[in-house]
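One structure is given below, encoded as C-alpha cells.
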Amino acid sequence: MILRLLLAFNFFPSIQGTENKILVKQSPMLVVNNNEVNLSCKYTYNLFSKEFRASLYKGADSAVEVCVVNGNFSHPHQFHSTTGFNCDGKLGNETVTFYLKNLYVNQTDIYFCKIEVMYPPPYLDNEKSNGTIIHVKEQHFCPAHPSPKSSTLFWVLVVVGAVLAFYSMLVTVALFSCWMKSKKNRLLQSDYMNMTPRRPGPTRKHYQPYAPARDFAAYRS
C-alpha cells in the first residue's frame with residue numbers, strides 16, 4: 001500500500017508558483033512509532049495581516065478533513081477537527097505544523113496541506129502538493145519485567161505465608177491429638193467404673209421354725 005502511494009505521488013511534477021497560487025512543501029513520508037506525529041507544511045507566502053485558513057486532508061482525493069485552523073496572526077488560533085482526529089497545531093512565519101495524536105494503523109494514508117487566503121480579495125490557495133505519507137506502525141507491548149525489589153517482596157510474602165500455614169497445621173494437629181487423648185481417657189474411666197465389683201447388700205437370715213424335741217425315751221417305756 002505504501003509503495004503504491006509513493007509511486008503514485010512521488011512523481012508528481014513540482015509545484016510551480018503562479019500569481020494565484022501558493023507554493024506548499026511537505027515531507028514525502030513520516031513513520032509513526034508512538035501514535036503521534038508532527039506534520040509541517042512550509043509555504044512561500046506572507047500571511048501576515050490576512051484572514052487565512054490552513055487545513056490538513058487525508059486520502060488521495062482529500063476526502064477527509066483531518067484538522068483546520070481559521071484566523072489571522074493578530075488573534076489566537078484554535079486548531080480543531082470535525083472528523084474525530086486528536087489534533088493541534090502551531091503557526092509560524094512560513095510554516096503550519098499539525099500535531100496528530102492517538103493515530104491508528106488503519107489511518108496510514110497520504111495527507112495534504114492546504115493554505116487559503118480568505119481576505120482581502122482575491123481568494124488564493126495552493127496547488128495540490130505531493131503530500132506526505134504517514135505510516136502508522138503497530139505497537140507491540142512486551143510484558144514488563146518485575147523489578148528486583150518487587151520480586152524480593154513477593155518471595156518474602158510467600159515464605160511468610162508458608163510459615164503461617166505450617167504453624168496453623170501444627171496447631172490443628174496438636175489440638176486434634178489432645179482431643180483424641182481426652183476422649184480415650186474418658187472411655188477408659190467409663191469402662192473402669194463399669195468393671196468395679198459392687199458390695200452386696202444386707203441379706204436376711206432364714207431361720208427354721210422352732211419344733212420341740214421329741215422324747216424318744218417316753219415312747220420306749
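For all residues, glycine too, the Cβ spot is worked out from N, Cα and C.
For reference, Swiss-Prot has these:
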TOPO_DOM  20-150  topological domain 'Extracellular'
DOMAIN    29-138  domain 'Ig-like V-type'
CARBOHYD  Asn38  N-linked glycosylation site
CARBOHYD  Asn72  N-linked glycosylation site
CARBOHYD  Asn93  N-linked glycosylation site
CARBOHYD  Asn106  N-linked glycosylation site
CARBOHYD  Asn130  N-linked glycosylation site
TRANSMEM  151-177  transmembrane segment
TOPO_DOM  178-221  topological domain 'Cytoplasmic'
MOD_RES   Ser190  phosphoserine
For Asn106 (N-linked glycosylation site), just give me the three-state DSSP call.
helix
Determine, using Cα-Cα distances only, which of these glycosylation sites is closest to Asn106 (N-linked glycosylation site): Asn38, Asn72, Asn93, Asn130.
Asn38
From the DSSP assignment alone, can you count helix, strand and coil residues within the topological domain 'Extracellular' (20-150)?
6 helix, 64 strand, 61 coil
May I ask which residues of the same chain, at least 6 positions away in sequence, place their Cβ under 8 angstroms from the Cβ of Asn72 (N-linked glycosylation site)?
Leu47, Ser49, Lys50, Glu51, Phe52
Among Asn38, Asn93, Asn106, Asn130, the glycosylation sites in question, whose Cβ has the most other Cβ atoms within 10 Å in this structure?
Asn130
Distance between Asn93 (N-linked glycosylation site) and Asn38 (N-linked glycosylation site) at the Cα atoms, whole Å?
17
Asn38 (N-linked glycosylation site) and Asn130 (N-linked glycosylation site), Cα-Cα, nearest whole angstrom:
17
